[in-house]
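Shown next, in structure tokens, is the structure this report addresses.
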Amino acid sequence: MGFKEQIDITRLPEHIAIIMDGNGRWAKNQGKFRAFGHESGVLSVKDIVEGCVDIGIKYLTVYAFSTENWNRPVEEVNALMELLITTINQETETLTKNNIRLNAIGDIASLPQKCIEDLKSAMDKTANNTHCTLTLALSYSAKWEIIEAAKKLAVQVKAGKIDIDEINEAHFSAQLTTINMPDPELMIRTSGEHRISNFLLWQMAYTELYFTDTLWPDFRREDLFEAIVDYQKRERRFGKISEQLN
Ligand code: IPE
Ligand code: IPE
Ligand code: MG
């Protein structure tokens, strides 16, 4: 029996977050340039998005470029930005056909102008799609996001719109870029690295973490389904004890 058949569709995670890692090593293993790994990684994104749509995942958030990734060699950064633009433009039609809404989180203003424009246009075109929301984390870092949220709250307090004592988890969450999305129940990181790398720190407070050695360009929907099956075997206690759970 394949992993897909083992999934209990009544207990699917609503939101899956993925740190797509290992493109560079995948390319290097074959004596190719890192950019080739990134290009191949796009095929994985497409397959995973289709896999999510197939089984009914409502939110998929993928870490495509971190704030820290700006520190990579300029040729690699440029190649990634080019790839982003090409991919967005190539895939918008398919997103629409599959009823997928494209969303982006991160410091979008720091991206190249062409990237901002094409991203915005693709987001506009897919804005009314309802089957699944695909969020690209671009120039994203969780610490950046949390600081931005703190600043927004400070402005509201200063303007007398809210009282300091009114600030609670819900209020804070509403300032984050993931507003209107549930927190991810499952986070997958490929490539054998066991770290969060500044991704969704607030939102992943109680997320189930799944790490696999598979490099991102080799990751396919069957691997996603395997991660979901693993997730469904876990007991999420949220601080309680087993006996308290139904
Ligand atoms: C992930 O793959 C893609 C991005 C960070 C943009 P990497 O490029 O980090 O690949 P490795 O980790 O060096 O193999
Ligand atoms: C995390 O991968 C960021 C993305 C996948 C976009 P990195 O490869 O940049 O992470 P570190 O530097 O190994 O932690
Ligand atoms: Mg990496």
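The chain as shown is numbered from 1 upward.
Using the three backbone atoms N, Cα and C, a Cβ is placed for every residue, glycine included.
Owing to the predicted nature of the structure, the values given are computational and were not obtained by experimental measurement.
All protein chains considered, the CB of Asp21 (active site) has 22 other CB atoms within 10 Å. TrEMBL lists Asp21 with the feature active site.
Taken from TrEMBL, the feature Mg(2+) binding site applies to Asp21, Glu208.
If you look up TrEMBL, you'll see 22-26, Arg34, His38, 66-68, Trp70, Arg72, Arg189, 195-197 marked as substrate binding site. In the three-state DSSP classification, Arg189 (substrate binding site) falls within a strand.
The annotation active site, proton acceptor is assigned in TrEMBL to Asn69. A helical conformation is recorded for Asn69 (active site, proton acceptor) in the three-state DSSP classification. On its own chain, Asn69 (active site, proton acceptor) has Val77, Leu80 as residues at least 6 apart in sequence with a Cβ closer than 8 Å to its own Cβ.
Under DSSP, Glu208 (Mg(2+) binding site) is assigned to a strand (E or B) in the three-state scheme. Candidate recorded positions: His38, Thr67, Asn69, Trp70, Arg189, Glu208. Not one of them has a Cβ under 6 Å from ligand 3. Within 10 Å of the C-beta of Arg189 (substrate binding site) there are 23 other C-beta atoms, taking all protein chains into account. The Cβ of Glu208 (Mg(2+) binding site) has 17 neighbouring Cβ atoms from other residues within 10 Å, across all protein chains displayed.
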